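First the structure, in the form of structure tokens, and then the observations on it.
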Ligand SMILES: Nc1ncnc2c1ncn2[C@@H]1O[C@H](COP(=O)(O)OP(=O)(O)OP(=O)(O)O)[C@@H](O)[C@H]1O
Ligand SMILES: Nc1ncnc2c1ncn2[C@@H]1O[C@H](COP(=O)(O)OP(=O)(O)OP(=O)(O)O)[C@@H](O)[C@H]1O
Ligand SMILES: [Mg+2]
Ligand SMILES: [Mg+2]
């Protein structure tokens, strides 16, 4: 063998183009498209209908998004590990009905206790998902499709025709979704705190980074010694807690809770995460993106109404929006890949 | 210096790690029947054996990935029973697996430090510190890879380098490397050796697995031989010869490794003219004739695989033509290539060569889908018969055709790949690193096979990073460097010097 | 009527198979099955409560309640099929879609079953009689009247309905539109929008909210569906529009009580849902006995509600709507 | 090809020429001998013990149980009602099986059925001939499927995300097309045909068409080169490409398949219920996927079969109808469906774990001797062999 030249051929140019400009880094953010779309949407709608950004309008927008934001944050956590949780709508329903029941059966129960019980119930349901996925090692899509049905069935069996109404709950509880601080409704502030905590966990802790590694290549993660089962279980558990929190907040915000509360929410939540740039096969994306996705999807409904767009068009437009989000993300990643190829290409 | 550290002091040094009587079975398959190894501080210990001898299984036991069915395992004199990879890591064992374990979505730096990221303010991960640490590591290894880049799309060689960086950065007292050099070229191998010797000087124990004897003898202090899942013997390197080791591995004598018979050369089968793909390769022109073995040589990353992929239609190309048996081949269509009579044994067996979860039989018959069908309906019996027949001809070692091909050892997997292409009766076969990760016995079989195929009029394009293989097998050698052909050498002209010159030198033609 | 109203409301079991051979029936093996639009719906539960006590009084040997969990057009068909196969004598159905249940009902009739539609009609050719809450026009007019009064006779109003294809709601809306257009007293009122909350709490809530944004000058909302009016009430009571935008429609007193008390809603209307089920059971009995055929002018005894007459198109009217307001709402419990 | 029936291992039907077959003699004597090829499970045993077979036994057992335990169950009327109910799921499950085997998914199927239904309503009301209406509606399904196929196969977007998007888009288009109208006045002869039965068997006449569809996809998957390719794609796209399987093209056509069959299901739905509405078949996608997964198809791709899926669909349908006959609430049905789904994936892995555990115990029981023999060579492996 010939003696080594100072550096291997072919790796010479790598570092030169590698110092990224701040702008470049900003443009590569996966959250960018959804943010731009959101700003554009709000701007256009406000120009046409100034009432859209009235204090009440803003409050409504935030309130509408709050519950989906919390669900999307939890879902992002799960999707990043290359799993998915379709049972969130059912979990939310069960917890929301449980909240209603608590207030009625235990008069004068402190609101904090209700929150804790709701999140605990969510944690339990999430833990069941997590256990089935990690211990039995079966695909999450199947398991959570199963628990979607089972939890919904439990909700139906428990609630029957009973519904609890806003009037059954203390005013202070309902006030959480009415009162504002600096224009932000209280429950929205809760959602923001949740997103910040989860975001910091994902970006800044070793365990959080492990989730990305697991989603990126689960087999490699196992070989590498990352406690895959424990991390994935925790992701499901956390998602359950957040779905539980969302369930309690649902009961605060909306009028009635009963057997069908929250049904059909699962695909909307997954869609929010996807629109926000969370890769459906795990490994990349962020909760901030997912939260933006949730905000965008809920805002579009309000915007279309405010623009007096025929309501029959709304669902179709939501569909187009989801598709555009995926396509934009794809174009962006193809461009990055191409750039990478060009920057590392041989001079031929 | 190695001998010093081995024999210095009074009495034998205590092994860093010792495994004895290890047994590991997967259902009916006993992968490891009697595994023994001890690794001393400050030694590089080679583990050799045929494909399927149980080397990787032993490695995975050391890594804590598999639990022993029976046997004893001591680390630092203490009996241990690892329950997880984390236990093994905590005990100071760091492993580079045979298959790279990078996370494609994470950056290079994060891949190295995952689970041990340096922390900054508030106990959160400091990306800057992590990047800097990665740069320092790469400087130490003498390579330049952008730590900010995602791992997705890295070449196999770069991936392997990152694996090595990852392992050494863990500061382990025992470093286990399962065929780390299989994807590396001479330069990189040499650098890896340097790193290994440095670690040895710091009295780490290293277990090194390779099928290349030149490497084993150049690097290692002791050699342990395994056969059929059993421990055979351990030798101090200076006291044995290659032939003796090979004899122990195979259980018999192995004759000439490269039984090249020069076959009569026929008409041009493949004619590539001015082929180019922006940023990848340019101006590639060559012919391959019936009965001829043409080797495509060069360093890893020279673009040989890319050319082969374009010729076979996996990738598109921007310029030039590929003519097959006189007619122009439709670009970017493997099906067209196969229909015309081409076959392609790719370099990455696990990802490209085989559908790992599919059974041995189905894999073998996968290329015959259309041929075993009549009026569009597959004749299941013919399909099975063909699979059995070709497995038999290539002596694929498997208990059942129904087993997933992933349960076979590397060499047997490679035989399945070859079987599936030979079954199509190709006129032209591309073999990309056909003996990568394959033991001596099988290797010589594969060489014999290639040579025989050529004798029977099949044109062969062989890509290989092993010079002895190129020199032994090829009728003609085409050397590539940085995406261009830098030399075309006849069998007589091809020498290690002329090839290496063309492979490393720049554009002026070496002759 | 009030006695029944209060009495039945507490009895809201859904899946209870009441086996009461007693009562005044002629032959003891007649069976009746109620198929509501959807199970687990509070309004439905009140209706079914009336139905069950009616069927017991009328002398049915077996009473069943079956139905889908979600109110889609086709979801009732397989329930009808199962009843056909079970040989049920009377099927009482609130159709989610007037036509989708048609072929299945015809098969049931061919098997000898009598079909009573209630609450929401099927295509008339598929049933024997339809038990209607009230005269459709009366319901429509009451709601227009209430809203007109609350907004002072002029301004923009909107309608928030259930699903876009709900038969009964659409009929009421049609009458409302006609009345607004023809009655000079309403000439200053403009109907600016019709939106649909699909009888889903969340959706209705957001539709209400959307209306506020899209129509800043909106003075009032009519929501002729119990889910819609409650959700709208909740939105208004938690927003700055409380007390500024009037709301009326059809609602359950128990659901609407807080909104009436806090001033979001002044008045709303509804008939007695329990009576609906009650009369339907007696109509079914009369059909099964052969006392009536569903022809115009047929009369039958409806227990404590006295004698009822089948009107044009086989429609039986149960009773007038009641208007609930702060003064009387506490007298009702359903 | 030469005679496929010849059973001697020597002359494979695909042995192209003797030029390679003479290699084997040389190879055999150069290296160690091959262990004799054990047969594994024979064909019959494999079929009788496979995952699909279990599903079929389960179905048969349940039908038997229902016939005995549920009055009125065992009758042609049951067959008719039951089949009429499962037909849409059964139809869509066929191409869905193929899609999931390639490792993809299609969530937009129910929306395509809804869009088809809406289109039918509008076109029929506009006075077109019913034949033309059917043709256009079917074509719409083909286009909708092709659009999915384009985005997934050609543009390479993830199918789960894409079809969540088109789930909303197609349902939205259905609303745009027909709005809140419902069209009901289809030709009575035609709607009657869709609920008619074959003689006294109770089997709906349209089942003939369904059987044709099932046969088509069954043969396509199990007996054709295309089908072989699908399994390979499901496990590894890249490896499939290397053997000349046209991955994108195959996927594209599969989505055209789900699109067109969903359109058929939409047409069936419209005419069976004689009601064209925008919300027809909504929510059906999860039912179909649940049935397919219950039928033994792996969500990761690569495994599954049409007979298994048919058994899965029929099992859920039968349980459903039995519960209806017993007047047990749908609450129970959804819980049973959920539990079955989970059991169907958890059971095999529990079984496997059990086997591993038993194996482990056996190893530990039988092995004490092995280390003893190993110990001789292992006492000091480093020293002992130094010659
Ligand atoms: N000079 C270079 N600069 C940057 N990247 C390079 C260079 N040379 C090669 N690469 C990259 O390295 C990878 C490996 O290259 P390629 O597969 O062509 O190597 P090869 O000659 O086939 O070697 P082998 O088959 O031995 O791995 C490719 O992805 C290519 O883009
Ligand atoms: N997970 C498994 N299940 C079943 N059999 C296995 C498994 N892993 C390994 N084996 C079998 O165990 C034997 C030893 O395999 P191993 O990978 O240890 O060989 P090796 O010596 O590393 O070979 P190579 O040089 O080809 O890498 C082989 O026969 C292989 O087929
Ligand atoms: Mg190995
Ligand atoms: Mg290569």
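Quick reminder: no glycine exception, Cβ is built from N, Cα and C everywhere.
Note that TrEMBL annotation is computational and uncurated.
The stretch that TrEMBL tags with transmembrane segment, taken from the ranges D:160-178, D:179-197, D:312-330, is D:160-178. The range from D:226-244, D:283-301 that TrEMBL describes as transmembrane segment is residues D:283-301.
Looking at D:54-74, D:80-100, D:130-153, the range that has the most CB pairs within less than 8 A of the transmembrane segment (D:160-178) turns out to be D:130-153. Put simply, of D:80-100, D:283-301, D:331-354, the stretch with the most CB pairs closer than 8 A to the transmembrane segment (D:252-271) is D:80-100. Away from its own ends, the transmembrane segment (D:331-354) comes close to residues 51, 290, 293-294, 296, 315-316, 319-320, 323 of its chain (Cβ-Cβ under 8 Å, at least six residues beyond either end).
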